[in-house]
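J.: The structure is given below, and queries will be raised subsequently.
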Amino acid sequence: MSQTPLVTEAEITAEGLKPQEYTEIVRRLGRHPNRAELGMFGVMWSEHCCYKNSRLLLKQFPTQGPRVLVGPGENAGVVDLGDGLRLAFKIESHNHPSAIEPFQGAATGVGGILRDIFTMGARPIALLNALRFGDLKEAKTQQLVKGVVAGIAHYGNCVGVPTVGGEVYFDPCYAGNPLVNAMALGLMETPEIVKSAASGIGNPVLYVGSTTGRDGMGGASFASAELTDESMSDRPAVQVGDPFVEKCLIEACLEAFQTGAVVAAQDMGAAGLTCSTSEMAAKGGVGIELDLDKVPVREQGMVPYEFLLSESQERMLFVAAQGREAELIEIFQRWGLQAVVVGRVIAEPLVRVLYRGEVAAEVPARALAEETPLYERECPKEPPAYVQQARQWSVDQLPLPARSPAEILLTLLATPSIASKAWVYRQYDHEVQNNTLVFPGDGDAAVIRLRGTAKGIAATVDCPSRYVYLDPYEGGKAAVAEAARNLSCVGAEPLAVTDNLNFGSPETPVGYWQLANACRGLAEACRALQTPVTGGNVSLYNETIDSNGQPQPIYPTPVVGMVGLIADLQRVVGQGWRATGDAIYLLGLPLTTPLSDPRLSLGGSEYLAQIHGLVAGCPPQIDLDLEQRVQAVCRYGIQQGWIASAHDLSEGGLAVALAESCLSGQRGATIQLPEGTYPRWDALLFAEGGARILVSVPPREQVAWEAYAQAQLPNAWTRLGVVNGEDTELCIDSCNNSPLIRVTIKELDLAWRSPLPKYLD
């Protein structure tokens, strides 16, 4: 083997490898790698595949719990729902591909996350997505939104999996680097959970699914780099998906897993054949010999480098029980899919690649998949300058706006991040499979029926990214708390988390400070709320290079996907008022809380950003003890049948939450603010903070409800008013009975429904 370099410095750099990493590769191999081997290391040592900058931080996440069956390290996490039911779930990002080719980038993001689910032996039952875009007034943003939403809709609708929920936010920081995070859930259909560790020396290795082409070349390395003008034309790095092939692949895989002939399975996602062979071999402590001449192709003249790095979609790798490969091949051929023996499990712990009868690459499996670089960076002790400057702002510097409270409420409802997302979710089929009980826009979380039982599951994705930007630690806590609160608002007990960490470069002090502190906040909140992390995704280098050559990172955006269990589907509520005469209560921090209390703040609020054009101040601190108690009271009230509706207070504070419940229920509300409230009406109506939920309760339940609330939440519940009738108005009066807001449902509706169609139709 060669002792002189077989590749150029330019080729090393093009693979995303640093000089010291190349030196380490040479040391590990005892020789210089050839071009194919360099490509294998390039993708497997990318941040996207090996988490070299984040793995040490992820170790602080709690990963075990009484319901956790599979934690981090497999294709998806799995939790026990009781009665023999098991739920697989996972979130993944497809940010960089979606920036380049929005339709295919988003579509293949959906396809990839679905494969993670059914590779475990679970049938996909639901999809959610968390999307971030730039300023909606910009033509480029409009093009991205249309492409991404169409791609998600196309793939999910064609494959027959409902898209049941998600979130969409707009901020200029995402202009050049949108975020497309897709989450999927599935119910286990196989007796045993299908794992990915190869075993059984001599067992055949099967390639199943679609053919291999040059699409998606080096996608994992591409996903670990900053976006530049050059990379924006890098379309070969974007995969092309076929949802109809994926649908056949789902059915064929689930049928194959039922036979017991599959020893291990791995989907070919990022890094394609390289990742699937090296991960399966490394996890099993064995090796895999792969013959590229047997791989089904869709393009001629492909060389080993292209075979190994292709990210063509809808492909899987199996290890089969020896002698049973024909049985599996028959199943896949019956579904119209490729199925070929392309290799075997070997005792030497290597990935050995054959091409035209010769060894084209030979690399220790653990060097690619387990013993990858790990960077321990020093986290700055002092917050960066932008945070220190933001913390100097105080509410005393803020003049009361000249506009009326009603005008400001309507303005906030018309901001794209708060406005109705019906334009988005009406393109998704959220009813296919006929198990969706709470539709997008109707509740704080999606609810899916578990057929044959009285149970349901709820799911949500959340991240207050402006909070995380201003205070990553509190923002990380807030992301977990809001996800759990949203589940609690439909009556679900939060079970577990899958996280998607979208950040800028960890190689800058600011970037690493944001990442490290957000992880600390996420970990603390997950422990406090008893929602272990079962896996997830890290997407770093979400930056665009501006015209001056300077990287412009996104807001740090750790999206929390959370699942919950509903014991009785008869006890599920939405966010809209249900009946005239129902009393309206605020759970959590009372409106008499002084603005000096750090748990309530205009800092980092939607009001401050949209009305005053300021991103400043300290976001609200999360009181995890109060959060637990408020959520538990809300869940119990729903389970007892006392609560008719529940909605958490998030962007826009009290006034926006009241308006959203009016809009969802198409009923008005009469609100009388209690005595002793703070004097600033803007803070009273629009300040934000955790652990706050609006609930409505029918008259016949109010005595029992109030007794329970007082016992469990003394001084942390407030009766605010009453639901006042269909198609009426939202009336909010101050404590001295002077009217603050009088807005009809029609006015609210017009402001809230118009923004997205205005820019996107």
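Numbers here mean position along the shown chain, with the first residue as 1.
Quick reminder: no glycine exception, Cβ is built from N, Cα and C everywhere.
So Swiss-Prot says this about it:
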ACT_SITE  His48  active site
ACT_SITE  His94  active site, proton acceptor
BINDING   Tyr51, Lys90, Asp499, Gly536  ATP binding site
BINDING   Glu92, Asn537  Mg(2+) 1 binding site
BINDING   Ser93, His94, Asn95, His96, Arg115, Gln239, Glu311, Ser312, Gln313, Ser539  substrate binding site
BINDING   Asp116, Asp267  Mg(2+) 2 binding site
J.: Max CA to CA distance in Å over the substrate-binding set Ser93, His94, Asn95, His96, Arg115, Gln239, Glu311, Ser312, Gln313, Ser539?
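T.: If we measure all Cα pairs in Ser93, His94, Asn95, His96, Arg115, Gln239, Glu311, Ser312, Gln313, Ser539, the largest is 20 Å.
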J.: How many Å lie between the Cα of Asp499 (ATP binding site) and the Cα of Ser93 (substrate binding site)?
T.: 10
J.: I'd like to confirm something. Which of the recorded positions, His48, Arg115, Asp267, Glu311, has a Cα closest to the Cα of Gly536 (ATP binding site)?
T.: His48
J.: With Cβ-Cβ distance below 8 Å and at least 6 positions apart along the chain, what are the contacts of Arg115 (substrate binding site)? List them in sequence order.
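T.: Counting only residues 6 or more apart in sequence, the Cβ neighbours of Arg115 (substrate binding site) under 8 Å are Asn75, Glu246, Leu249, Asp267, Gly269, Glu314, Met316.
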J.: Compile a sequence-ordered list of residues in the same chain as Lys90 (ATP binding site), six or more apart from it, whose Cβ lies below 8 A from its Cβ; state 'none' when nothing qualifies.
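T.: Within the chain, Lys90 (ATP binding site) has Cβ neighbours under 8 Å at Asn75, Ala76, Gly77, Ile113, Asp116, Ile117, Met183, Ala184, Thr498, Thr534, Gly535, Gly536, Asn537.
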J.: Applying a 10 Å Cβ distance cut-off over all chains shown, what neighbour count does Asn95 (substrate binding site) have?
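T.: Taking every protein chain into account, the count is 24.
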J.: When you tally the Cβ atoms that lie within 10 Å of each candidate's Cβ, which of the binding-site residues (Asp116, Asp267, Glu311) has the highest tally?
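T.: Of the binding-site residues Asp116, Asp267, Glu311, the most buried by Cβ count within 10 Å is Glu311.
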J.: For Tyr51 (ATP binding site) and Glu311 (substrate binding site), determine the Cα separation and express it in whole Å.
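T.: Just about 19 Å between their Cα atoms.
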J.: So among the active-site residues His48, His94, who's got the most Cβ atoms within 10 Å?
T.: His94
J.: Which secondary structure state does DSSP assign to Glu311 (substrate binding site), in the simple three-class scheme?
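T.: SS state of Glu311 (substrate binding site) = coil.
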J.: Mind giving me a neighbour count for Asp499 (ATP binding site)? Other Cβ atoms within 10 Å of its Cβ, every protein chain shown.
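T.: A 10 Å sphere around the Cβ of Asp499 (ATP binding site) contains 28 other Cβ atoms.
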J.: What same-chain residues, at least 6 away in sequence, bring their CB to under 8 Å of the CB of Gln313 (substrate binding site)?
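T.: Result: Thr108, Gly111, Gly112, Ser210, Asp215, Gly216, Gln239, Val240, Gly241, Asp242, Val245, Glu246.
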J.: What whole-number Å value do you get for the CA-CA distance of His94 (active site, proton acceptor) and Glu311 (substrate binding site)?
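T.: Distance (Cα to Cα, whole Å): 13 Å.
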J.: So if I measure Cβ to Cβ from Glu92 (Mg(2+) 1 binding site) and keep only same-chain residues at least 6 apart in sequence, which ones fall under 8 Å?
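T.: Same-chain residues close to Glu92 (Mg(2+) 1 binding site) (Cβ under 8 Å, separated by 6 or more) are Gly109, Gly112, Ile113, Asp116, Asn181, Ala182, Met183, Asn500, Asn537.
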J.: Identify, among the binding-site residues Ser93, Asn537, the residue whose Cβ has the fewest other Cβ atoms within 10 Å in this structure.
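T.: Among the binding-site residues Ser93, Asn537, the sparsest Cβ neighbourhood within 10 Å belongs to Asn537.
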J.: What's the longest C-alpha separation between any two of Tyr51, Lys90, Asp499, Gly536, the listed ATP-binding residues, in angstrom?
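T.: So the maximum pairwise Cα distance among the ATP binders is 17 Å.
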